[in-house]
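Here is the structure we will look at, set down as structure tokens.
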Amino acid sequence: MPQEVKRCVLAYSGGLDTSCILAWLIEEGWEVICYMANVGQEEDWDAAREKALKVGAKKVYVEDLREEFINDTVIPAAQANAIYENVYLLGTSLARPIIARRQIQIAEKENCIAVSHGCTGKGNDQVRFELAYYALKPDVQVIAPWRLPVFFERFAGRKDLLEYAAAKGIPVTQTTKKPWSMDENIVHCSYEAGILEDPSMTPPKDMWKLTVDPKDAPDEVEELSIHFEKGAPTKLECKDGTFSGVVSIFYQLNAIARRNGVGRIDIVENRFSGLKSRGCYETPGLTILRTAHMDLEGLTMEREVRALRDQFVTFNLAKILYNGQFFSPCTRMLLAANNVSQEVVNGVVKLSVYKGNVTVLGRKSDTAHLYDEKLSSMDELGGFDPTWTSGFIQIESMRLRNSDEGKHWM
């Protein structure tokens, strides 16, 4: 009897690593379906498809996931003001659940028993992809070549891969390899490894792809306005026109931030594994969006609701996203809580951008009633009785007076 064919879906980029992994999987007896996810990165999709078929892929899927990516992870993260270790806006982390989910959907459609990826054995992405795989399809077989001795002992580095590619007739674009690795999507671009592994080294000017050097940005201030409904952007008004629809808004925010040098960071972060890693990130449009969103929350959200959201949702959602646990009960709970907090976040924020900086110029909301101009005014009482404050201060000071704490501070 003929042996049953083993079928696998490979997350394919068209680069040297995944092209060699494709050939190796075929060599190992797998029938491979290649899958490429368009999450907003620059890519010659037709050339990559042709390359995969030439190497031996049975079929190639090219999936446009940009709108799904923005709606399902980017906007919820922005509504929660999610940020990892106070600086990283999670651009890579946000894309991985969306990419992994479609890979599993294709695996089920094509009756594949396995999925594969080209992530290295030290990074975060292997964890993010595989936790998503197992959450969505617990019985799936995962092939991670860079963790298999049979693979990494054979292919110690780029030289071995190039020799294998030549032997297998895999077309390799002869370009000078940049001394760092990159990952790009509609939200950001990351740079790490190579020369960047020295945390004291200043990144070369030509590394940054998405934004101009702030010193080279225009000398004129550029203004824009972002409209929000329930914490999500619905309209962008700027000198280039009016834009609606999440993908259009993000592309335009990226264009504004790009020409004004907004959204660069250079950090050392803590990976899920405990290793420290140096990363340089450009997150242009999302940096502007987050600034506007946080400002509008100041006008529209009740103080204690915002404090609870900041302490529990913001911190924990960022950690969950970074650690690859998006498809978990915790995420559903956190997003449900955050959705309630965002019901009142409606309005418009006016901003300016200038040489790497984002500044809020004003905000307004037709539905928020927490801010009372007369009640807050220093020029009129507006219904506020100053004598109320005396009792408030007496009550608040009671525990301080009774604590005998003053002796430690005098």
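Each Cβ is built from the backbone N, Cα and C atoms, and glycine gets one as well.
According to Swiss-Prot, the ATP binding site annotation covers 11-19, ALA37, 116-124. Taking a C-beta cut-off of under 8 Å and a sequence gap of six or more, ALA37 (ATP binding site) has these contacts in its own chain: ALA11, GLU63, LEU65, ALA95, ILE98, ILE99, ARG102, GLN103.
Of all the Cβ atoms in the protein chains shown, 14 others lie within 10 Å of the Cβ of SER181 (L-citrulline binding site). When secondary structure is read from DSSP and collapsed to three states, SER181 (L-citrulline binding site) falls in the strand class. The annotation L-citrulline binding site is assigned in Swiss-Prot to TYR88, SER93, ASN124, ARG128, SER181, SER190, GLU269, TYR281 on the grounds of similarity to another entry.
In three-state terms derived from DSSP, ASN124 (ATP binding site) belongs to neither a helical nor a strand segment and is classed as coil. Non-local contacts of ASN124 (ATP binding site) by the CB criterion (under 8 A, 6+ apart in sequence, same chain) comprise THR92, SER93, ARG271, PHE272, SER273, TYR322, ASN323, GLY324. The feature L-aspartate binding site is assigned by Swiss-Prot to THR120, ASN124, ASP125.
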GLY118 (ATP binding site) and ARG128 (L-citrulline binding site), distance between Cα atoms, whole Å:
13
Cβ within 8 Å of the L-aspartate site's Cβ centroid: which residues qualify beyond THR120, ASN124, ASP125?
CYS119, LYS122, GLY123, GLN126, VAL127, ARG128
